[in-house]
Amino acid sequence: MAKQQLEVLNALDVAKTQLYHFTAIIIAGMGFFTDAYDLFCISLVTKLLGRIYYYEAGSSSPGTLPPNVAAAVNGVAFCGTLSGQLFFGWLGDKMGRKKVYGMTLMIMVICSLASGLSLGHTSKSVMATLCFFRFWLGFGIGGDYPLSATIMSEYANKRTRGSFIAAVFAMQGFGILTGGIVTLIVSAAFKKRYDALPYSLDPAGSTVPEADFVWRLILMFGSIPAAMTYYSRMKMPETARYTALVAKNAKQAAQDMSKVLQVEIQSEPEKVDSIAMQERGQFGILSKEFARRHGLHLVGTTTTWFFLDIAFYSQNLFQKDIFSAVGWIPKAATMNALEEVFKISRAQTLIAFCGTVPGYWFTVALIDVIGRFAIQMMGFFFMTAFLLGLAIPYHHWTTPGNHIGFVVMYAFTFFFANFGPNSTTFIVPAEIFPARLRSTCHGISAAAGKAGAIVGSFGFLYAAQSKDKTKTDRGYPAGIGVRNSLFVLCVCTFLGLLCTLLVPESKGKSLEEMSGENEEEEMQESVRAVGNGRALVGGIVEA
C-alpha cells in the first residue's frame, strides 16, 4: 500500500532479474507448452480419425467425421477449459495459488494418457470416450491459465513483469510447434514402415490398421512435459502477495521470499494486521464498488479475449481445411491416410515456425518497452488488415501459383495475433485486479476467451463449408464459404480493437498501483485525517 507497503512486496517489485525468475518461467511455461500441445494436436489427427472410424465402402472420398462428431472432438476440450478457468480461478483465490497448481497438472497428465487410450469396439464408443477424456483434459488446462498468470505476475518485479508473463505464455508457441513436429515424426515413421496406395487406387487399403496407433501416440505424448514439471511445481513456495495480503501470514511470506531472493526480509506482522483492519468489509466481485472500480476493466479484458479467440482458434483448428481449399494440401483421395497426416502437420508446423513462435517472442522483447495497450491495438489492427488481404482477393489466392502468397499472408495474421492480443489478453488480467480477486478475474476473462474459441471451433466448422451443397464435406449443410468466413473473422478482430479502449496500461506500475489497493489506503488515511481534524477543532471550540 502507498505508505504501508510491505517490505517483502517492495523487495519483489525492485528485485533484479535472478535465477528464480527463469525457474518460475520454465515451471509455469511447461504447463502452457502442454496446454497448447493438447489443445491443438487434435486438429492434426481429425482427418485420420474420419478415415479410420467412418470409412464407407464405395465412396469416392475418404471417411470424414460426421458434423456433430467433428464439432464435439474439436470443441469439447474448450468446454472443459472454460469450466476449469472459472472453477480453478475462484479456487486459486480461496485456497492459494500453489495448492491448486498441482491439481491442474495431474489432471492434464492423467487425461492426456486416457485420451490416447480411448476404448471401445465401435466408432461411437471410441469417439465418446475420447470426448469424455478431452473434456477433463480441458478442465485441467483451464486451471493453468489463471494460476500460471497470477503466480508469474506476483513473483515478478514491476520493471520486467510483462516480459516474464509473456515468456510463460510464449511456451504455447513451442507447444503448437512441437505438436506439428511430433506428428511429422510419428506419421513419417509409420508411413515408411506401413506404406499404402492412395485412396483413389485402394480405398480400403489406403488406411492401414496400424494407423490407429498414430493418433493415440500423438495425443499421449502431451503427458510427458506435464509429468516432468509436477515435482518442481510442488516445490515452489506460495506467492508472497497471496500469503501476506490474502492469507495474512507475514512471517511465512517473508521466510519464503528471503529464500527465493536470498536477502533478509522483515516479516512486519504489525503492518499486515493494520492492512487487515483496513480491508474488513472490502468489496467482493459482485459488489457495486467492484463494478465502479473495475467493472469496465473486466468488460475490456473479457470482450477483447472473446473476439480474439473466435478468430485465433478458428484459424488454428481449421488450417487444414483452409490449406485444402486453396490447394496447398492435395485432395484427400490422392493420398493415403498417413501421407495426409504428414502433409497436414508439415503445413501447420511451417506456419507455427514462421508466424506463431516469432510473434510470441517479439512480445516478450518489447512489451515492457512499448506497453500492453499499444501492442494489443497494433495486433488487432494488423490481424484485421491481413485477414482482409486474404478475404478480398480470395479467388486470386486459390489459383495455381499463388498458394505461397496466401500462406505468407496467413502466417502474418498469426504473427500479429501473438505479437499482439493473444499475448496481452493473457497478461493484463493478471496485473490490474486486487490480489484477493486476481485469479478469479483472470479466470473469468480467460473463460470469455474460451467461449469465443467454442464459437469459433463450432461455428467455423459449418460456416467454412462451400455455398454449393454438392461441394460440402459429407454430412454438412451448405455454409458461407471460406472467403465469407474470413470476412466474419475480420469483423471479430475489429471489434476486439475497439474493446481494447477499455483496457488500462499497466507498464512499469506495481500490482498494488494497478489494482487500486494503494488508493483504498490513501482514501482511508484521508478520511481518518479529516476525522481527526474535525475532532481537534471540536475540542478547541468546546475549550
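In case you wondered, yes, glycine gets a Cβ from its N, Cα and C as well.
All annotation found in TrEMBL is predicted automatically rather than curated by experts.
Annotation comment: TrEMBL describes 24-508 as domain 'Major facilitator superfamily (MFS) profile'. Summarising the annotation, TrEMBL assigns transmembrane segment to 20-49, 69-88, 100-119, 125-143, 164-190, 213-231, 350-367, 373-392, 404-423, 443-464, 485-504.
At the 8 Å Cβ cutoff, the transmembrane segment (213-231) and the transmembrane segment (100-119) share at least 3 close pairs (sequence separation 6 or more) and count as touching. Averaged over the domain 'Major facilitator superfamily (MFS) profile' (24-508), the predicted model has a pLDDT of 87. Contact between the transmembrane segment (485-504) and the transmembrane segment (69-88) is not supported, since fewer than 3 Cβ pairs fall under 8 Å when only residues 6 or more apart in sequence are counted.
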